[in-house]
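Enquirer: What Swiss-Prot shows for this protein is this:
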| type | residues | note |
| --- | --- | --- |
| ACT_SITE | Y32 | active site, proton acceptor |
| ACT_SITE | H47 | active site, proton donor |
| SITE | K53 | site 'Transition state stabilizer' |
Amino acid sequence: MIIMRFLIKVKPEERKFRVPYNHQYFLQGLIYNRIKLTNPRLSTFLHETKGPKLFTYSLFMTERREHPKGLPYFLGYRRGFFYFSTCIPEIAEAFITGLFREPEITLWGEKFYLEEVKTLKEPKKFSGSTFITLSPIAVTMEKGGKRYDVSPLEEEFYALIRENLKDKYVMIKGEKPPDDFEMEIIAAKPKRFEVKPGIYQMAWHLVFRAYGDDELIRVGYVVGFGEKNSLGFGMVKVDEQRKRRKNIGSFQESMSFNENRELETGT
């Protein structure tokens, strides 16, 4: 499995710009639009195919920001950036080529210009590493014919993430998946997102450690943990700072971790 992971930097037209808190839908539109520019067939296939699309992306971040009270957006300054990851070369090639072909980008009414696309290095090891979300993790299950959001306080959360990883492993490798996977939640913060007009999703910003089969964990790192990765959920980075901190405390003690931590840059 090849990891194709990119940091995409954009320069705003204005010194100060808005970024709505519910913005994954706009990034999804950008990704599909640029893929369509260079590979219309692939764009149609991704639109029509059900199940995991085998790519994920982060929230849109800024080098500096302010949070005006009572508004549905924050104010960004300097550069904006986001991360994109896939294991499918055709998807990576189409999206990145499309960005360079049309470097002027309009998102939620703000204009940006492509400044840099940087290929990121792959961590050497995954099992035992600490991860932090770059976009929140979404997990759902069906009960009585309805789908419900599942939280890390429920046992099903962990089993569903493992089964989701195994399904993606089969899609990518075409072979029986390993079953060895555990995750230890260090900190968590719930977030409710409007993924499309009138459609909401409860998801979780997490700091967690993952243990088990390195290749199975690698699947989550490459194409996302949990569900709805192609809608902007489940992207993580390895948190280098926490590698040096062994006794951080229990899940319950860490529920109020700094929500800005997930917006730091990294691999």
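These residue numbers are counts, starting from 1, taken along the chain as shown.
Cβ from N, Cα, C; glycine included.
As the structure is a computational prediction, the values presented were derived from the model and not from experiment.
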Enquirer: Quick one: pull the CA-CA distance for K53 (site 'Transition state stabilizer') versus the residue listed as 'active site, proton donor', whole Å only.
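Expert: About 9 Å separates the two Cα atoms.
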Enquirer: Tally every other Cβ atom lying within 10 Å of the Cβ atom of the residue listed as 'active site, proton donor'.
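Expert: 11, counting other Cβ atoms within 10 Å of the residue listed as 'active site, proton donor'.
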Enquirer: K53 (site 'Transition state stabilizer') has how many other Cβ neighbours within 10 Å of its own Cβ?
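Expert: There are 21 such Cβ atoms around K53 (site 'Transition state stabilizer').
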Enquirer: Taking just the CA atoms, what is the gap between the residue listed as 'active site, proton acceptor' and H47 (active site, proton donor) in Å?
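Expert: Distance between the two Cα atoms comes out at 8 Å.
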Enquirer: Around Y32 (active site, proton acceptor), how many other CB atoms lie within 10 A of its CB?
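Expert: Total other Cβ atoms inside 10 Å, all chains included: 20.
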